[in-house]
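Shown next, in structure tokens, is the structure this report addresses.
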Amino acid sequence: MSKNKLSKGQQRRVNANHQRRLKTSAEKADYDDNLFGEPAEGIVISRFGMHADVESADGEVHRCNIRRTIRSLVTGDRVVWRPGKAAAEGVNVKGIVEAVHERTSVLTRPDFYDGVKPIAANIDQIVIVSAILPELSLNIIDRYLVGCETLQVEPLIVLNKIDLLDDEGMDFVNEQMNIYRNIGYRVLMVSSHTQDGLKPLEEALTGRISIFAGQSGVGKSSLLNALLGLQNEILTNDVSNVSGLGQHTTTAARLYHFPHGGDVIDSPGVREFGLWHLEPEQITQGFVEFHDYLGHCKYRDCKHDADPGCAIREAVENGAIAETRFENYHRILESMAQVKTRKNFSDTDD
């Protein structure tokens, strides 16, 4: 390879810097302070590239530009913004976001090129939605629970589409959900189709800022349609007949207000919740039932697998820890290692 030829990684960085300079040049003349009114408090309802929809104290939503000094802005951020004044030609000027208040929490997901990417801010509850279709995946539930424990945000597990279960199926699903009930997690069984179980869900959402999370096709948008009412209807898509997987419908995270009180952030569906940016120790801490056994293994560097004298494995064998959870713990660690290997390979200069 020629010494003067740029690698793929170097080309990405050059292109990114070029685009950044173009944006900076384009913005310099755009934000004249005389075009804006007095500062006010607001909350980001949604983010679209270099613009954001900001809701003011009176409930009005304003499309705003974003000061280039603001490095990160996501749905749920509480901000200081200024409304745009009417221009001389009678054309309204967009408002502008001036500053972002300190966040109480931020939900992130790993990204190959951008590191850790924020999704939503100031949430105090993550609603983990699962369903028997496209499949009841305890592995995905466990991934979200690890994320909740790492963020120290309270989780709520919601199993949707229970109207599709017969008595035998309901018994099986309850047995699976008891794994989580037995370690202190709250589980609600609902149907967005028949609206069974929606009242307890409404109560759990009241007074909270929640985000609905889960793989595509589990009915997040259908649940939100039922909870929000037709006037706020969100697009939905059925499970694909070909793949059995859900088809993504929501394209940008957006905050909605429930009629019964409380807010929700609807975010794009994901088929797998990435945790590869975390350390293995954080994954271990994310399994709450492990806590009583940590520090009691025979060896300090115990991997909690086939190591002799592993207190966690002994707890699994004794029935104190669910075998399914223990298996998912190792699946998560294995998937993290695989993704990190791929990332390191892609970052290697050609």
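Backbone N, Cα and C atoms are what each Cβ position is placed from, and that goes for glycine too.
Here is what Swiss-Prot records for this protein:
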- Asn160, Lys161, Ile162, Asp163, Gly214, Gln215, Ser216, Gly217, Val218, Gly219, Lys220, Ser221, Ser222: GTP binding site (BINDING)
- Cys297, Cys302, His304, Cys310: Zn(2+) binding site (BINDING)
- 104-273: domain 'CP-type G' (DOMAIN)
- 1-27: region 'Disordered' (REGION)
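Annotated features taken from Swiss-Prot, shown on the structure.
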| residue | record | CB count, 10 Å |
| --- | --- | --- |
| Asn160 | GTP binding site | 25 |
| Ile162 | GTP binding site | 21 |
| Gly214 | GTP binding site | 27 |
| Ser216 | GTP binding site | 21 |
| Val218 | GTP binding site | 30 |
| Ser222 | GTP binding site | 21 |
| Cys297 | Zn(2+) binding site | 19 |
| Cys302 | Zn(2+) binding site | 18 |
| His304 | Zn(2+) binding site | 21 |
| Cys310 | Zn(2+) binding site | 20 |
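You'll find the Cα of Ser216 (GTP binding site) roughly 37 Å from the Cα of Cys310 (Zn(2+) binding site). Taking the Cα of Cys297 (Zn(2+) binding site) as the reference point, the closest of the binding-site residues Asn160, Ile162, Gly214, Val218 is Gly214.
Of Asn160, Ile162, Gly214, Val218, all annotated as binding-site residues, the residue with the shortest Cα distance to Cys310 (Zn(2+) binding site) is Gly214. Distance from the CA of Cys302 (Zn(2+) binding site) to the CA of Val218 (GTP binding site) is 37 Å. Secondary structure from DSSP puts Lys220 (GTP binding site) in a helix. DSSP assigns Ile162 (GTP binding site) to a helix in the three-state reduction.
Using the Cβ center of Cys297, Cys302, His304, Cys310 for Zn(2+), the list of other same-chain residues with Cβ within 8 Å runs, in sequence order, Lys298, Tyr299, Lys303, Asp305, Asp307, Gly309, Ala311, Ile312, Arg313.
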